[in-house]
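Worksheet: the structure to be examined is printed underneath.
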């Protein structure tokens, strides 16, 4: 009854107006699943390959008809008739069919869209929400949001080199209240920027990209907004950074050009440690370049016992990269982006490896998103306790927050907001 009888992919647009892949899966009993694939702006060199057409005459080379064709032909032929509840077998069959280390033949976008649509169809067949189908009875922890309210780096045209300045409402009693707190800080920040004559247009992820002078200038604005909104920094709200340091790691130096700094890996670790001393920063993502293992080791040694150090470009949601990093003692947390690895099975494996080794996990969106809210369900399914899905603007970001609000309501008395427990042994 849960055999796959039809698969259909199409080209749709993401939140940046670029093409992406959407896949529909239909089962014998009429159950249905649909999934759309996100896309990143700052991508790690070790990510699985997002297959693009390269035809400059169409969508400026960013079309995905090759990936769509791969789903509708090769992948469909491979998995039609298989049982949608055999997720691992289906994912492994697609990976084997692709035959490359980085999914470059069929495309991670083709494989992932199919993988997630299969899971949704199987959940529909069981009459279960996706978080419950994937996570079982233990799926009841609502994640603390990392809300990206000021943008720099690759996400903005301003002098700030760090990519994201985020707030985390760790003191909220529930997910719904956490969203409210975040929204109130967001609107307070907007008012404060406007009063200073600074830009309040929003970027790809819904955050502001004002022309601020430095990292500390941005952090000061965020701190002031938290306080003006009536919350206590360090108690109600913690701060989080995504440095995206790979983007400004040049010839062995961290070129923080907006501040006129050229730092060695050790000096960069000291720079970040000083920020953690001055502000209530609980999490730093990609504080070092993706292959600067010595820098990561230095940063982990300096602040790893008190700050969550999240590997995004470092680990690219890849179980092999993650195991390498764990073995070297790099970072203490995994950023989870389903399209970095390209299948649900491998994503769940990476989260499991992280959690078994005492690393936290943070479910994450990409800068190019759609209305698909799958990652909200996966955050609850994996009990990872944290989610990074943008600011409090743009419906492609709010779709995830709204889905989490629904899940919390649906879980009722069994729902638990992770709050200050989200950081494992670090605490907040």
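Please read every residue number as a count from 1 along the shown chain.
Backbone N, Cα and C define each Cβ position, glycine as well.
If you look up Swiss-Prot, you'll see 163, 337, 366, 367, 388 marked as (2R)-2-phosphoglycerate binding site. Under the heading active site, proton donor, Swiss-Prot lists 205. Per Swiss-Prot, Mg(2+) binding site is recorded for 242, 285, 312, and the stated evidence type is sequence analysis. What Swiss-Prot records for 337 is active site, proton acceptor.
By a simple count of nearby Cβ atoms, those within 10 Å, the most crowded of the binding-site residues 163, 367 is 163.
Residues 163, 164, 241, 243, 244, 284, 286, 310, 313, 335, 388 surround the recorded Mg(2+) site, their Cβ atoms falling within 8 Å of the Cβ centroid of 242, 285, 312, which are themselves excluded. Within the same chain, the residues at least 6 positions away from residue 388 ((2R)-2-phosphoglycerate binding site) whose Cβ sits under 8 Å from its Cβ are 145, 146, 148, 166, 335, 362, 363, 364, 365, listed in sequence order. Counting every protein chain shown, 28 other Cβ atoms lie within 10 Å of the Cβ of residue 285 (Mg(2+) binding site). With respect to Cβ neighbours within 10 Å, the binding-site residues 242, 312 differ, and 242 shows the lowest count. Of all Cβ atoms in the shown protein chains, 27 besides its own fall within 10 Å of the Cβ of residue 366 ((2R)-2-phosphoglycerate binding site). Separating the Cα atoms of residue 367 ((2R)-2-phosphoglycerate binding site) and the residue listed as 'active site, proton donor' is a whole-number distance of 6 Å. Among the recorded positions listed (163, 205, 337, 366), 163 has its Cα nearest to the Cα of residue 242 (Mg(2+) binding site). Residue 163 ((2R)-2-phosphoglycerate binding site) falls within neither a helix nor a strand when secondary structure is assigned with DSSP, and so counts as coil. Considering only the binding-site residues 163, 337, 366, the residues lying within 10 A of the residue listed as 'active site, proton donor' on a C-alpha to C-alpha basis are 366. Comparing residue 312 (Mg(2+) binding site) with residue 163 ((2R)-2-phosphoglycerate binding site), their Cα atoms are 13 Å apart once rounded. Look at the residue listed as 'active site, proton donor': DSSP puts it in coil. Site extent for (2R)-2-phosphoglycerate: among the recorded binding residues 163, 337, 366, 367, 388, the largest C-alpha separation is 17 Å.
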